[in-house]
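K.L.:
Pasting the relevant annotations from Swiss-Prot:
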- 24-44: transmembrane segment (TRANSMEM)
- 104-124: transmembrane segment (TRANSMEM)
- N125: N-linked glycosylation site (CARBOHYD)
- N180: N-linked glycosylation site (CARBOHYD)
Amino acid sequence: MKVEFAPLNIPLARRLQTAAVLHWLLSFLLFAQVCLGIIVFLIIYNYWFLYLPYLTWLYFDWQTPEQGGRRSEWVRNWAIWRYFKDYFPIHLIKTWDLDPSHNYIFGFHPHGVLVVGAFGNFCTNYSAFKELFPGFTSYLHVLPYWFRCPLFREYLMSSGPVSVSKKSVCHVLSKEGGGNISVIVLGGAEESLDAHPGKFTLFIRQRKGFVKIALTHGAYLVPVFSFGENELFKQVSNPEGSWLRNVQEKLQKIMGFALPLFHARGIFQYNFGLIPYRKPIHTVVGRPIPVRQTLNPTSEQIEELHQTYMEELRKLFEEHKGKYGIPENETLIFR
């Protein structure tokens, strides 16, 4: 295979964009382990005056990811996020005005390999979120285990993510007067194993917990589809029933997160590596589904609203797929 190297005369801005994406990628693939290693090092070599105050503070701060987190506008305004957004680039599209007197659940689809669109749009101040949705604060919910790693949790929370636990979602949606948006990647870890280019398989049929929470809090549901999310990486073929898929699913059940074997391009060449491809991401926010607060919803009410949500999600995909190069015969597959 002939290696295609990047030309030397690439503009500085594009180099900075690649560096920004590399920083983000390494943050999620390696930084947690580095932070854990730092704590272990401090304990082994008895730097008690460093680790003891932090671990004491950590004990009292443990619930913060379930209580709205601790975002930093300074971190969200870092210039590196502008280069990160422009690398793909990432776009946020609004199709309907939202009433800031309500709280909302944005159901984000698809998961993709690393949920790039969700981070770029809802965890930095360089997306069009503030202009499109004035009066709102968004909270991207991520797996709780990210917040169990000392030091890394502080870095992660500074961009705005909070835990995806029920307690955390309920906390966000309990704001009096509205104006909060819980962004939940509903397909979760399982869906990442089906994040192949040109494929649109969503794990949604058994995901009904978010519907019950929406009913109990009267939070409006909004389907969100991120066109281009599955085009950023290629995965090793892992069809249902294959030995690789079986291993991945078993590991996912044990660890709580999936391990897709993905690849894309490198820093200085285009043939192999872990840097995502430069593919545009268009995150389209659909029409809100009004939800009447029901403190003790029945299974029938949950099922009915869940069905309505899936219909609105499919409608959103069908209405916009042609704008983003998806063939007319392609459709969503709900699992």
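In case you wondered, yes, glycine gets a Cβ from its N, Cα and C as well.
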K.L.:
If you count other Cβ atoms within 10 Å of each one's Cβ, which of the glycosylation sites N125, N180 has the most?
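P.N.:
Output for this query is N180.
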K.L.:
In whole Å, how far is N180 (N-linked glycosylation site) from N125 (N-linked glycosylation site) when you measure between their Cα atoms?
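P.N.:
Here the two Cα atoms lie 16 Å apart.
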K.L.:
Under 8 Å between C-beta atoms and at least six residues away from its ends: which parts of the chain pack against the transmembrane segment (24-44)?
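P.N.:
Those are 50-51, 54-55, 84, 114, 119, 146, 149-152, 155, 274-276, in sequence order.
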K.L.:
For the transmembrane segment (104-124), what are the same-chain contacts with Cβ under 8 Å, counting residues 6+ beyond its ends?
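P.N.:
Apart from its flanks, the transmembrane segment (104-124) reaches 24-25, 28, 76, 78, 81-82, 84-85, 88, 90, 92, 98, 136, 138-140, 159-161, 169, 173, 180-189, 191-192, 195, 200-202, 204, 210, 213-214, 219-226, 228-230, 232-233, 235, 260, 262, 276, 281, 283, 285, 288, 309, 313.
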